(Lines of atoms letter the chains of each structure in order from A and count residues from 1; the text may use other names and numbers.)
(Lines give C-alpha, C1' and ligand atoms only; values in the text may rest on other atoms or scores of the structure.)
Protein backbone atom coordinates (compact mmCIF):
# COMPACT_ATOMS: atom_id res chain seq x y z
CA UNK A 1 0.00 0.00 0.00
CA UNK A 2 2.82 2.43 0.87
CA UNK A 3 4.45 1.60 -2.48
CA UNK A 4 1.27 2.47 -4.36
CA UNK A 5 0.75 5.66 -2.34
CA UNK A 6 4.28 6.85 -3.10
CA UNK A 7 4.42 5.60 -6.68
CA UNK A 8 7.12 2.99 -6.04
CA UNK A 9 7.13 -0.04 -8.35
CA UNK A 10 7.69 -3.64 -7.08
CA UNK A 11 11.35 -3.47 -8.14
CA UNK A 12 11.96 -0.29 -6.09
CA UNK A 13 11.98 2.16 -9.01
CA UNK A 14 9.92 5.35 -8.77
CA UNK A 15 7.00 5.75 -11.18
CA UNK A 16 7.92 8.17 -14.00
CA UNK A 17 4.90 10.37 -13.16
CA UNK A 18 6.07 10.86 -9.56
CA UNK A 19 9.69 11.88 -10.15
CA UNK A 20 9.26 15.23 -8.38
CA UNK A 21 7.58 13.66 -5.34
CA UNK A 22 9.82 13.54 -2.26
CA UNK A 23 7.18 12.18 0.13
CA UNK A 24 8.65 8.66 0.00
CA UNK A 25 11.86 9.71 1.80
CA UNK A 26 10.46 9.27 5.33
CA UNK A 27 9.55 5.58 4.94
CA UNK A 28 11.91 4.62 2.10
CA UNK A 29 15.62 5.25 1.60
CA UNK A 30 17.09 5.92 -1.83
CA UNK A 31 20.05 3.85 -3.00
CA UNK A 32 22.98 5.10 -5.10
CA UNK A 33 21.35 3.67 -8.24
CA UNK A 34 18.11 5.57 -7.58
CA UNK A 35 15.89 2.72 -6.38
CA UNK A 36 13.89 2.92 -3.14
CA UNK A 37 14.22 0.47 -0.26
CA UNK A 38 11.69 0.43 2.63
CA UNK A 39 13.05 1.49 6.02
CA UNK A 40 11.73 -1.71 7.50
CA UNK A 41 13.01 -4.84 9.18
CA UNK A 42 11.00 -8.08 9.11
CA UNK A 43 11.82 -10.70 11.71
CA UNK A 44 10.42 -14.18 12.27
CA UNK A 45 11.86 -17.06 14.24
CA UNK A 46 10.88 -19.56 11.53
CA UNK A 47 11.89 -19.09 7.89
CA UNK A 48 8.65 -20.04 6.09
CA UNK A 49 6.79 -16.71 6.03
CA UNK A 50 9.78 -14.59 5.04
CA UNK A 51 10.65 -17.07 2.27
CA UNK A 52 7.32 -16.21 0.64
CA UNK A 53 8.42 -12.54 0.54
CA UNK A 54 11.82 -13.47 -0.92
CA UNK A 55 10.11 -15.33 -3.77
CA UNK A 56 7.03 -13.09 -4.12
CA UNK A 57 6.11 -10.05 -6.21
CA UNK A 58 8.12 -7.63 -4.05
CA UNK A 59 11.29 -9.76 -3.79
CA UNK A 60 13.40 -7.05 -5.46
CA UNK A 61 12.10 -4.31 -3.16
CA UNK A 62 13.69 -5.51 0.09
CA UNK A 63 17.36 -5.64 0.96
CA UNK A 64 18.19 -9.28 1.94
CA UNK A 65 19.58 -8.02 5.28
CA UNK A 66 16.14 -6.64 6.17
CA UNK A 67 14.52 -10.09 6.22
CA UNK A 68 15.90 -11.93 9.26
CA UNK A 69 14.62 -15.38 10.19
CA UNK A 70 15.67 -18.05 12.64
CA UNK A 71 15.78 -21.81 12.11
CA UNK A 72 12.85 -22.86 14.30
CA UNK A 73 9.68 -21.15 15.46
CA UNK A 74 8.69 -20.21 19.00
CA UNK A 75 5.88 -22.81 19.02
CA UNK A 76 3.40 -20.24 20.42
CA UNK A 77 5.52 -20.07 23.54
CA UNK A 78 6.44 -16.65 25.00
CA UNK A 79 9.46 -18.07 26.85
CA UNK A 80 10.94 -19.55 23.66
CA UNK A 81 10.50 -16.24 21.83
CA UNK A 82 11.99 -14.19 24.68
CA UNK A 83 14.59 -16.37 26.38
CA UNK A 84 15.80 -19.21 24.16
CA UNK A 85 15.18 -19.14 20.38
CA UNK A 86 14.75 -15.34 20.33
CA UNK A 87 18.05 -14.74 22.17
CA UNK A 88 19.90 -16.42 19.29
CA UNK A 89 18.89 -13.82 16.69
CA UNK A 90 18.50 -10.65 18.78
CA UNK A 91 22.08 -9.48 18.06
CA UNK A 92 21.83 -9.56 14.23
CA UNK A 93 18.43 -7.84 14.54
CA UNK A 94 19.80 -5.04 16.73
CA UNK A 95 22.84 -4.64 14.46
CA UNK A 96 20.55 -4.16 11.44
CA UNK A 97 18.40 -1.67 13.40
CA UNK A 98 21.52 0.35 14.30
CA UNK A 99 22.60 0.34 10.66
CA UNK A 100 19.17 1.55 9.50
CA UNK A 101 19.02 4.19 12.24
CA UNK A 102 22.41 5.55 11.12
CA UNK A 103 20.99 5.81 7.62
CA UNK A 104 18.25 8.23 8.80
CA UNK A 105 18.73 12.03 8.68
CA UNK A 106 16.57 12.61 11.75
CA UNK A 107 15.23 9.45 13.39
CA UNK A 108 11.89 10.20 15.09
CA UNK A 109 11.05 6.77 16.37
CA UNK A 110 9.99 3.20 15.65
CA UNK A 111 6.75 1.59 14.51
CA UNK A 112 6.52 -1.99 15.77
CA UNK A 113 4.00 -4.41 14.26
CA UNK A 114 3.42 -7.65 16.15
CA UNK A 115 0.78 -9.99 17.51
CA UNK A 116 0.06 -10.65 21.17
CA UNK A 117 -0.91 -14.30 20.80
CA UNK A 118 2.04 -16.02 19.09
CA UNK A 119 5.40 -16.90 20.57
CA UNK A 120 7.45 -14.64 18.28
CA UNK A 121 4.98 -11.73 18.37
CA UNK A 122 4.85 -11.79 22.15
CA UNK A 123 8.21 -13.12 23.36
CA UNK A 124 10.64 -11.83 20.75
CA UNK A 125 8.83 -8.48 20.37
CA UNK A 126 9.13 -7.78 24.10
CA UNK A 127 12.83 -8.74 24.07
CA UNK A 128 13.41 -6.36 21.15
CA UNK A 129 11.44 -3.55 22.85
CA UNK A 130 13.61 -4.00 25.93
CA UNK A 131 16.76 -3.59 23.81
CA UNK A 132 15.31 -0.63 21.85
CA UNK A 133 14.50 1.15 25.12
CA UNK A 134 18.08 0.62 26.31
CA UNK A 135 19.73 1.85 23.09
CA UNK A 136 17.23 4.42 21.76
CA UNK A 137 15.63 5.54 25.02
CA UNK A 138 14.32 8.95 23.95
CA UNK A 139 12.91 7.89 20.56
CA UNK A 140 9.15 7.32 20.23
CA UNK A 141 7.99 3.72 20.06
CA UNK A 142 4.53 3.14 18.62
CA UNK A 143 3.10 -0.37 18.54
CA UNK A 144 0.45 -1.85 16.25
CA UNK A 145 -0.59 -5.00 18.06
CA UNK A 146 -2.95 -7.74 16.91
CA UNK A 147 -4.99 -8.57 19.99
CA UNK A 148 -6.45 -12.08 20.52
CA UNK A 149 -10.07 -12.06 19.40
CA UNK A 150 -12.75 -13.41 21.76
CA UNK A 151 -13.98 -16.10 19.34
CA UNK A 152 -11.10 -16.57 16.91
CA UNK A 153 -8.12 -18.16 18.66
CA UNK A 154 -5.11 -19.50 16.75
CA UNK A 155 -3.45 -20.93 19.88
CA UNK A 156 -4.87 -22.07 23.20
CA UNK A 157 -2.09 -20.31 25.16
CA UNK A 158 -2.83 -16.84 23.68
CA UNK A 159 -3.95 -15.40 27.07
CA UNK A 160 -0.59 -16.36 28.66
CA UNK A 161 1.45 -14.85 25.82
CA UNK A 162 -0.64 -11.66 25.75
CA UNK A 163 -0.43 -10.98 29.49
CA UNK A 164 3.32 -11.65 29.56
CA UNK A 165 4.12 -9.41 26.59
CA UNK A 166 1.88 -6.59 27.82
CA UNK A 167 3.53 -6.68 31.24
CA UNK A 168 6.99 -6.55 29.63
CA UNK A 169 6.29 -3.82 27.08
CA UNK A 170 4.08 -1.61 29.27
CA UNK A 171 6.99 0.60 30.29
CA UNK A 172 8.78 0.54 26.92
CA UNK A 173 6.00 1.51 24.51
CA UNK A 174 4.83 5.12 24.21
CA UNK A 175 1.58 4.33 22.43
CA UNK A 176 -0.01 1.01 21.46
CA UNK A 177 -2.78 0.70 18.88
CA UNK A 178 -4.72 -2.54 19.33
CA UNK A 179 -6.36 -4.43 16.47
CA UNK A 180 -8.81 -7.22 17.26
CA UNK A 181 -9.15 -9.95 14.61
CA UNK A 182 -12.85 -10.44 15.32
CA UNK A 183 -13.65 -6.76 14.75
CA UNK A 184 -11.73 -6.92 11.44
CA UNK A 185 -13.62 -10.08 10.42
CA UNK A 186 -16.89 -8.19 10.98
CA UNK A 187 -15.61 -5.33 8.80
CA UNK A 188 -14.79 -7.85 6.07
CA UNK A 189 -18.34 -9.18 6.22
CA UNK A 190 -19.69 -5.62 5.88
CA UNK A 191 -17.53 -5.32 2.75
CA UNK A 192 -19.20 -8.45 1.37
CA UNK A 193 -16.25 -10.81 2.00
CA UNK A 194 -17.87 -13.94 3.41
CA UNK A 195 -14.66 -15.91 3.99
CA UNK A 196 -11.87 -13.44 4.68
CA UNK A 197 -8.25 -14.47 4.14
CA UNK A 198 -5.27 -12.96 5.97
CA UNK A 199 -4.72 -10.78 2.89
CA UNK A 200 -8.18 -9.18 3.33
CA UNK A 201 -7.59 -8.60 7.04
CA UNK A 202 -4.12 -7.14 6.46
CA UNK A 203 -5.45 -4.77 3.81
CA UNK A 204 -7.94 -3.25 6.25
CA UNK A 205 -5.23 -2.89 8.90
CA UNK A 206 -2.96 -1.33 6.25
CA UNK A 207 -5.57 1.36 5.46
CA UNK A 208 -5.78 2.29 9.14
CA UNK A 209 -2.00 2.36 9.60
CA UNK A 210 -1.69 4.41 6.42
CA UNK A 211 -4.13 7.00 7.79
CA UNK A 212 -2.26 7.22 11.10
CA UNK A 213 1.10 7.66 9.35
CA UNK A 214 -0.11 9.84 6.44
CA UNK A 215 0.87 13.05 8.21
CA UNK A 216 4.43 11.73 8.66
CA UNK A 217 4.69 11.08 4.93
CA UNK A 218 2.66 13.71 3.07
CA UNK A 219 2.36 17.48 3.46
CA UNK A 220 -0.93 18.69 4.96
CA UNK A 221 -2.61 21.74 6.48
CA UNK A 222 -2.70 20.21 9.99
CA UNK A 223 -0.12 17.47 10.35
CA UNK A 224 0.56 15.33 13.43
CA UNK A 225 3.99 13.83 14.15
CA UNK A 226 5.01 10.84 16.30
CA UNK A 227 5.56 12.77 19.52
CA UNK A 228 2.21 14.56 19.14
CA UNK A 229 0.36 11.22 19.25
CA UNK A 230 1.93 10.61 22.61
CA UNK A 231 1.34 14.15 23.90
CA UNK A 232 -2.30 14.29 22.86
CA UNK A 233 -3.45 10.75 23.57
CA UNK A 234 -1.54 9.59 26.63
CA UNK A 235 -2.43 11.39 29.90
CA UNK A 236 -0.39 8.92 31.99
CA UNK A 237 2.49 6.83 30.59
CA UNK A 238 0.91 3.44 31.34
CA UNK A 239 -2.51 4.35 29.91
CA UNK A 240 -1.35 4.25 26.31
CA UNK A 241 -3.86 2.03 24.48
CA UNK A 242 -6.04 4.24 22.26
CA UNK A 243 -9.11 2.76 20.58
CA UNK A 244 -8.80 3.04 16.79
CA UNK A 245 -11.80 3.54 14.48
CA UNK A 246 -11.88 4.08 10.72
CA UNK A 247 -14.56 5.41 8.40
CA UNK A 248 -15.89 5.01 5.72
CA UNK A 249 -15.55 1.25 5.29
CA UNK A 250 -17.54 0.85 2.07
CA UNK A 251 -17.76 -1.93 -0.49
CA UNK A 252 -17.58 -0.96 -4.15
CA UNK A 253 -21.30 -1.75 -4.62
CA UNK A 254 -22.40 0.58 -1.81
CA UNK A 255 -19.99 3.39 -2.69
CA UNK A 256 -21.78 4.07 -5.97
CA UNK A 257 -24.92 5.05 -4.03
CA UNK A 258 -23.37 7.10 -1.23
CA UNK A 259 -21.64 10.45 -1.10
CA UNK A 260 -20.35 10.72 2.42
CA UNK A 261 -19.94 14.17 3.94
CA UNK A 262 -17.30 15.07 6.54
CA UNK A 263 -20.02 15.05 9.22
CA UNK A 264 -21.26 11.58 8.26
CA UNK A 265 -17.84 9.93 8.27
CA UNK A 266 -17.03 11.62 11.61
CA UNK A 267 -20.26 10.34 13.18
CA UNK A 268 -19.59 6.85 11.79
CA UNK A 269 -16.22 6.78 13.57
CA UNK A 270 -18.02 6.67 16.91
CA UNK A 271 -20.16 3.66 15.89
CA UNK A 272 -19.19 0.13 17.04
CA UNK A 273 -18.84 -1.23 13.47
CA UNK A 274 -15.98 1.21 12.77
CA UNK A 275 -13.90 0.15 15.80
CA UNK A 276 -10.79 -1.99 15.57
CA UNK A 277 -11.44 -3.54 19.00
CA UNK A 278 -14.71 -4.94 20.30
CA UNK A 279 -15.83 -2.76 23.25
CA UNK A 280 -18.79 -0.56 24.19
CA UNK A 281 -17.69 3.09 24.19
CA UNK A 282 -21.02 4.21 25.71
CA UNK A 283 -20.02 2.53 28.97
CA UNK A 284 -16.62 4.21 29.08
CA UNK A 285 -15.31 7.75 29.33
CA UNK A 286 -12.99 9.52 26.93
CA UNK A 287 -9.70 10.94 28.16
CA UNK A 288 -8.51 12.20 24.77
CA UNK A 289 -9.50 12.01 21.13
CA UNK A 290 -7.59 12.64 17.93
CA UNK A 291 -9.33 12.77 14.53
CA UNK A 292 -7.11 12.32 11.49
CA UNK A 293 -8.85 13.37 8.28
CA UNK A 294 -7.45 12.74 4.84
CA UNK A 295 -8.55 13.65 1.33
CA UNK A 296 -11.06 16.32 0.34
CA UNK A 297 -11.60 17.89 3.78
CA UNK A 298 -11.40 21.58 4.63
CA UNK A 299 -10.64 22.71 8.21
CA UNK A 300 -14.02 24.47 8.60
CA UNK A 301 -15.98 21.24 7.89
CA UNK A 302 -13.71 19.25 10.20
CA UNK A 303 -14.18 21.74 13.07
CA UNK A 304 -17.97 21.82 12.55
CA UNK A 305 -18.12 18.00 12.55
CA UNK A 306 -16.11 17.72 15.78
CA UNK A 307 -18.20 20.47 17.42
CA UNK A 308 -21.38 18.52 16.56
CA UNK A 309 -19.93 15.30 17.99
CA UNK A 310 -19.09 17.17 21.22
CA UNK A 311 -22.56 18.74 21.39
CA UNK A 312 -24.27 15.32 21.24
CA UNK A 313 -22.94 14.46 24.70
CA UNK A 314 -23.19 10.74 23.95
CA UNK A 315 -19.40 10.61 24.17
CA UNK A 316 -18.61 11.33 27.81
CA UNK A 317 -15.27 12.87 28.77
CA UNK A 318 -13.63 12.57 32.17
CA UNK A 319 -13.97 15.66 34.40
CA UNK A 320 -10.22 16.26 34.73
CA UNK A 321 -9.56 16.38 31.00
CA UNK A 322 -10.73 19.15 28.64
CA UNK A 323 -13.13 17.97 25.94
CA UNK A 324 -10.70 18.87 23.21
CA UNK A 325 -10.42 17.00 19.95
CA UNK A 326 -7.02 17.10 18.28
CA UNK A 327 -7.63 17.37 14.54
CA UNK A 328 -5.20 16.44 11.76
CA UNK A 329 -5.91 17.08 8.08
CA UNK A 330 -3.96 15.61 5.20
CA UNK A 331 -4.85 16.41 1.61
CA UNK A 332 -3.79 13.05 0.14
CA UNK A 333 -6.91 10.91 -0.38
CA UNK A 334 -6.93 7.21 0.57
CA UNK A 335 -5.46 4.78 -1.98
CA UNK A 336 -6.87 1.29 -2.54
CA UNK A 337 -4.98 -1.68 -3.94
CA UNK A 338 -6.01 -3.56 -7.07
CA UNK A 339 -8.47 -6.32 -6.24
CA UNK A 340 -9.34 -4.82 -2.85
CA UNK A 341 -12.97 -5.09 -1.71
CA UNK A 342 -12.90 -1.61 -0.22
CA UNK A 343 -14.10 1.22 -2.46
CA UNK A 344 -11.97 4.21 -3.37
CA UNK A 345 -13.31 7.28 -1.55
CA UNK A 346 -12.49 10.97 -1.73
CA UNK A 347 -12.19 11.41 2.04
CA UNK A 348 -11.74 9.30 5.17
CA UNK A 349 -11.18 9.75 8.89
CA UNK A 350 -9.32 7.73 11.50
CA UNK A 351 -10.27 8.34 15.14
CA UNK A 352 -7.80 7.58 17.94
CA UNK A 353 -9.54 7.74 21.31
CA UNK A 354 -8.09 7.06 24.72
CA UNK A 355 -11.20 5.69 26.41
CA UNK A 356 -11.76 3.63 29.54
CA UNK A 357 -13.98 1.32 27.44
CA UNK A 358 -10.85 -0.44 26.11
CA UNK A 359 -10.51 -1.99 29.58
CA UNK A 360 -13.21 -4.48 28.44
CA UNK A 361 -10.62 -6.04 26.13
CA UNK A 362 -8.16 -6.46 29.02
CA UNK A 363 -10.87 -7.87 31.31
CA UNK A 364 -11.68 -10.58 28.75
CA UNK A 365 -8.01 -11.48 28.54
CA UNK A 366 -7.51 -11.45 32.33
CA UNK A 367 -10.49 -13.75 32.85
CA UNK A 368 -9.11 -16.27 30.36
CA UNK A 369 -5.65 -16.06 31.92
CA UNK A 370 -7.06 -16.59 35.45
CA UNK A 371 -9.21 -19.48 34.28
CA UNK A 372 -6.25 -21.32 32.75
CA UNK A 373 -3.73 -20.42 35.45
CA UNK A 374 -6.05 -21.51 38.27
CA UNK A 375 -6.02 -25.00 36.71
CA UNK A 376 -2.24 -24.66 36.07
CA UNK A 377 -2.92 -25.49 32.41
CA UNK A 378 0.27 -25.61 30.30
CA UNK A 379 2.37 -24.60 33.32
CA UNK A 380 5.65 -26.53 33.61
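Every residue, even glycine, has its Cβ placed from backbone N, Cα and C.
Feature list (source: Swiss-Prot):
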ACT_SITE  228  active site
BINDING   46  Mg(2+) binding site
BINDING   46, 115, 119, 120, 154, 181, 202  GTP binding site
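Structural mapping of features recorded in Swiss-Prot.
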residue	record	DSSP class
46	Mg(2+) binding site	coil
115	GTP binding site	strand
120	GTP binding site	helix
154	GTP binding site	coil
181	GTP binding site	helix
202	GTP binding site	helix
228	active site	helix
Largest tally of Cβ atoms lying within 10 Å of a Cβ, found at which of the binding-site residues 115, 120, 154, 202: 120
Pairwise CA distance, residue 46 (Mg(2+) binding site) versus residue 154 (GTP binding site), rounded so that it is a whole Å: 17
Euclidean distance between Cα atoms of residue 228 (active site) and residue 202 (GTP binding site), Å: 26
Span of the GTP site, taken as the largest CA to CA distance across 46, 115, 119, 120, 154, 181, 202 (Å, rounded to a whole number): 22
Cα-to-Cα gap, residue 115 (GTP binding site) vs residue 228 (active site), nearest whole Å: 25
Distance from the residue listed as 'active site' back to residue 181 (GTP binding site), taken between C-alpha atoms, in Å: 27
Pairwise CA distance, the residue listed as 'active site' versus residue 154 (GTP binding site), rounded so that it is a whole Å: 35
